[in-house]
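Heads up, the thing below is written out as structure tokens.
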């Protein structure tokens, strides 16, 4: 039995036997031009009358260019989504956000990303400066917050700007050696930064567990903290290496595109398996670890009593400190769960409910969900300084010197004074 050939299928692009014609065809293709079995669209032209031949040729060429442009974005983005953790940063292209978002939608998404970039740069830069130059906490705390801030800063300067750029120019890139190298490096960096941030969150939770629940063993663990941090970065780099290898420049119609070509993931089953593995190791497992460890820490803190006879004022201060630390630990877990959950929901819809639910999702909602996941990198510095009096005090001083929130300068001074006179360890 002969098979139907799509006369508008682009023939100058590499394809594999595992193409995803259903997705591309259902969303972008125009109705078939003929029910005749053909291997070359030129045969269709010859079958037409001479009067229609020129008109049909023009229409065919225009439709082919339109289909090729739309199908390329959908196909390249869909393959990339399979390897995108969280989700992340350029998933908006899966439904041609660059063309489908209204001007208002583009403005809102751009504004959200711009605000996130500003706050992410400020918060993580202050955290890095505090850890390197001011030594706001102890050595281990400095090391952990430094690596956390570096990972979040990489998300801020790589994933977020790339997402904004994608809204307007999609996958268009520059050609030449510089274009090829930059295409690989950009995707490698932001795909490494997000897992690194998540893995270091887990390392911080383990360090807190030993410090509070097993203080005798804490010294042994902290001697190995450098190895734990190094392992987090190595695992993140290993996760991102396929991006550096698979992304490259492709030229079509004189336009260069930074796109993914990875045949092993070029079928729906592989995409679903890859997504499940990503969800397991970069969301559900880290979240479970955070919940268990911080629950143990909170129980230990709540049951801890100050030895000897204490005054009512000191007892009250101790209880307030317990509540503050417990609230901080709960906040870290909740923020991680809430901020990354929408992106994983969108991934589930995209890979498992492709035909029935995914087409109904508004473009703006999809873009918003992925922005929420990346915005987690702006919130992390605020959360983790809650665990260190030295970092809180220093960050408040920096904000005051820079003149931020001038109406609250009196409040900042009072907070700095109260923190400086407190008994909380740094």
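Residue positions begin at 1 at the first shown residue.
Backbone N, Cα and C define each Cβ position, glycine as well.
According to TrEMBL, the transmembrane segment annotation covers 107-132 (among others). Beyond the ends of the transmembrane segment (107-132), by six or more residues, the same chain brings 92, 101, 142-143, 145-146, 148-150, 152-153, 155-157, 160-161, 163-164, 167, 364, 367-368, 371, 374-375, 377-378, 380-382, 384-385, 390-391, 394-395, 398 to within a C-beta distance below 8 angstroms of the stretch.
Feature annotation from TrEMBL assigns domain 'G-protein coupled receptors family 1 profile' to 123-384. Looking just at the domain 'G-protein coupled receptors family 1 profile' (123-384), the mean pLDDT is 82.
Residues annotated as transmembrane segment in TrEMBL: 144-168 (among others).
If you look at the transmembrane segment (188-206), the same-chain residues 6 or more away from its ends with a CB under 8 A from one of its CBs are 83-86, 88-89, 144, 147-148, 151-152, 154-155, 158-159, 162, 221, 225, 228-229, 231-233, 235-237, 239-241, 243-244, 282, 286, 289-290, 293-294, 332, 336, 374, 376-377, 380, 384. Look at TrEMBL and you will find 188-206 (among others) tagged as transmembrane segment.
Counting only same-chain residues 6+ beyond the ends of the transmembrane segment (227-245), those with a CB under 8 A from a CB of the stretch are 83, 85, 143-144, 147, 151, 184-185, 187-189, 191-193, 195-196, 199-200, 202-203, 206, 260, 262. Among the features that TrEMBL reports, transmembrane segment is placed at 227-245 (among others).
Only residues 6 or more beyond the boundaries of the transmembrane segment (273-297), in the same chain, are considered here, and those with a CB under 8 A from a CB of the stretch are 82-83, 85-86, 194-195, 198-199, 201-202, 205-206, 208-209, 212-213, 265, 329-330, 332-333, 336-337, 340-341, 344, 347-348, 351. Residues or ranges marked as transmembrane segment in TrEMBL: 273-297 (among others).
What TrEMBL lists as transmembrane segment is 325-348 (among others).
Residues or ranges marked as transmembrane segment in TrEMBL: 368-387 (among others).
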Quiz prompt | Other parts of the chain folded back onto the transmembrane segment (368-387), taken as Cβ under 8 Å at six or more residues beyond its ends | solution = 86-89, 91-92, 109, 112-113, 116, 119-120, 123-124, 126-127, 141, 145, 148-149, 151-153, 155-156, 159-160, 163, 194, 197, 201, 204, 208, 324-325, 328, 331-332, 335-336, 339-340, 342-343, 345-346, 395
